[in-house]
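Copied from TrEMBL, the annotated features are:
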- 243: active site (ACT_SITE)
- 47-58: compositional bias 'Low complexity' (COMPBIAS)
- 22-58: region 'Disordered' (REGION)
- 1-21: signal peptide (SIGNAL)
């Protein structure tokens, strides 16, 4: 019979052998935490005739949306107005639109902290000649608005788009805050000889803290028209072929206040007007805190500087009204030339005050004989 010590030694040896011979138990991976699951795809690409509807249906599921050679069907909107915060939208290749006589818009983008960019070589082609009839929004066939940049908030930016031949107005900014539009080219040159009309490049209303910089606008209406809003900057713009850089028309809308506008380092060429402020006859509102600084003009065919308080679409009354005062207007370094038959400066005011002009030098053309109510600090 083995001794107790021998039995103990044998048991220990057998135990060690058993441990060494046993396989290592696998580690159990815990189930994923739902909070760590990626809820949105990093990037989604859409193209072709179904791309617009697919992008719209998936807009909440993609952090980056690439629109590659999208062909938007007739009567439909490329609708991205329910984007998640921080979404990046990229226009790639050529975007086209089917023909339909309707009001549009052809594109609608909204959200917070949204980035919209154009890939190299991008083109958003409105092919506006299909609608152009010389009447714009005043008559003829129904024409779709082009791009609604409405309800864009936070630090949203639209950058590097190439837009061509919009049916009527190009980019409408409404109910937006903190939006920057940078290095966007809008070329409606083909409309010069083919009936393009009311092809404003930028219409701004009911918005705050809007910056438009590096704009290139070739069109047949206002390069910029600010109908209402505050803290709006337009810098480094190049405008040609249209009606110039405008405040207004102001009046007759739900919001009729324009306050704090800085237009700087910009040029206007081959246009009917250089710069203007227009308020609607008989309406109420206010225009204040307007700065035009280092603005040049050339080839202006009607008015270099035109500030009027008698505006009616296409037919000013000739009698200014005081319901929309124009106050605190600064012109600093506004220079250039007008054509022989144009007027250098035209002012028609009933309620204009607190204007400061310096370095204003418009040559060519003739002086106006019809100025009225010129504010102290300005000359006509």
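Heads up, the Cβ atoms here are built off N, Cα and C, so glycines get one too.
Residue counts for the compositional bias 'Low complexity' (47-58) under DSSP, split into helix (H, G, I), strand (E, B) and coil, are 8 helix, 2 strand, 2 coil. DSSP assigns residue 243 (active site) to coil in the three-state reduction, outside any helix or strand.
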